[in-house]
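A.B. asks: I'd like to ask you about the structure that follows.
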Amino acid sequence: MKASPQRIAVMGSGSWGTTFAKVLADSDPTADVVLWARRAEVATEISELHTNSTYLGDLPLPANITASTDPAAVLAGAELVILAVPAQSLRQQLTEWGKAVEPGAVLVSLMKGLERGTDLRMTEVIAQVLPVDQSQLAVVSGPNLAKEIARGEPTGSVVAGSDRDTVEWIARACTPSYFRPYTNSDIVGVEIGGIVKNVIALAVGICDGMGMGDNTKATIITRGLAETTRLATALGGSAETMAGLAGLGDLVATCSSPLSRNRTAGRLIGEGKTLEQVAQEMTQVAEGIKSGAAVLDLAANHGVEMPITQAVVAVIEGKVGVSSMARMLLERDLKSEEIH
Ligand SMILES: NC(=O)C1=CN([C@@H]2O[C@H](COP(=O)(O)OP(=O)(O)OC[C@H]3O[C@@H](n4cnc5c(N)ncnc54)[C@H](O)[C@@H]3O)[C@@H](O)[C@H]2O)C=CC1
Ligand SMILES: O=C(CO)COP(=O)(O)O
């Protein structure tokens, strides 16, 4: 059995990058977990005060986490590299970091977005930019609201990748008492679940902002899962994955939680705010806003119908107002629930 990683690079010191660094550092206090931060003051605070107050308040971080703004220094000697930047910035960042990534290092995406313009999933972007084998790529995704995990509240998650030994090695590296990773070989399904749930959470947030109740939101969540499953299976993913933590689990967590940035962005839109006003109020990334159009494009290219995604994108692009969304969805031809 391969020994656990002793040096781990986490590229991105936002709320999930920092929290996942804590998961890894709590799991193995002998490992060096090094975060890459864009801002020098964030890196200094993490290394010297062991907090990241921008994203996690005064929560104490383990002593075996340090940070730097120098990507080469962070990546040097790292056998495991965790990627946690906004999805639309990954290609540019990886292009800058590329040469510093150790040959043979395993790369894990924590990101839940689809690249605009190419409709590529994050592991596909990594494979395009870096000379890596599929066995070096994995994804971690599930009902993983960063702030709850940072407080040590228990959760499950999924580590997905094509190489069984690699995903089991990653899973063993993230097993503090509050985090239980399950392995899965369905990387497509796990990534699609994480990407589309953000768009569905925007729809649920819009319902919330418009003052709608739980029947409406349960309908959006359930039919949202149906359209996510249609897309995932059309791309070669499995319907079983969609019933698991990276599908239903993440969808339920994100659509129910006021901590979700996507649901919050949707709520603000539902309350009548413009996209510019939403952007001003929110300092953190809500991936569904930018990924929605790429999801719709990918679905159209595979002949998959995604009415909720279509309605959300129409609202985001200013083509319809939130008050027309319900009509858009309810006036469609009647169909059987059994037809996926
Ligand atoms: N926060 C959460 O609860 C979870 C987030 N995720 C996913 O993880 C990814 C990262 O999310 P968070 O850490 O929550 O976001 P965040 O908004 O808290 O932090 C983003 C980080 O990326 C940096 N950044 C922003 N723009 C950048 C750019 N153009 N180039 C390079 N770096 C940039 C920021 O400085 C910050 O360190 C997203 O894809 C998100 O969907 C997944 C699971 C849970
Ligand atoms: O992915 C998440 C929980 O699993 C976080 O969701 P938000 O990006 O909407 O906050």
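Placed from the backbone N, Cα and C atoms, the Cβ positions cover glycine too.
Just so you know, TrEMBL annotations never went through curation; they're auto-generated.
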A.B. asks: Let me know which member of Lys112, Lys217, Lys319 TrEMBL also records as binding NADPH at the site of Ser15, Trp16, Arg38, Arg39, Tyr55, Ala146, Arg261, Val285, Glu287.
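C.D. replies: That NADPH site, as TrEMBL gives it, pairs Ser15, Trp16, Arg38, Arg39, Tyr55, Ala146, Arg261, Val285, Glu287 with Lys112.
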A.B. asks: Report the recorded positions (Arg38, Lys197, Arg261) that meet this criterion: Cβ distance to the nearest atom of ligand 2 under 6 Å. Use sequence order and write none if nothing qualifies.
C.D. replies: Arg261
A.B. asks: Select, from Gly12, Gly17, Gly142, Lys197, Asp250, Arg261, each of the recorded positions with a Cβ positioned under 6 A from at least one atom of ligand 1; if none does, say none.
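C.D. replies: Gly12, Gly17, by Cβ distance under 6 Å.
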A.B. asks: Ala146 (NAD(+) binding site) to Arg38 (NADPH binding site): how many Å between their Cα atoms?
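C.D. replies: Pair distance, Cα basis, whole Å: 19 Å.
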A.B. asks: With every protein chain in view, what's the tally of Cβ atoms within 10 Å of the Cβ of Ser13 (NAD(+) binding site), excluding that atom itself?
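C.D. replies: Looking across every protein chain shown, the total is 28.
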A.B. asks: For the domain 'Glycerol-3-phosphate dehydrogenase NAD-dependent C-terminal' (186-325), what's the mean pLDDT in this predicted model?
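C.D. replies: Mean pLDDT for the domain 'Glycerol-3-phosphate dehydrogenase NAD-dependent C-terminal' (186-325): 97.
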A.B. asks: With the cut-off set at 10 Å between Cβ atoms, which of these recorded positions ends up with the most neighbours? Options: Arg38, Lys112, Lys197, Arg261.
C.D. replies: Lys197
A.B. asks: When you look at Ser15, Trp16, Arg38, Arg39, Tyr55, Lys112, Ala146, Arg261, Val285, Glu287, which the record names as binding NADPH, what is the longest CA to CA distance in angstrom?
C.D. replies: 23
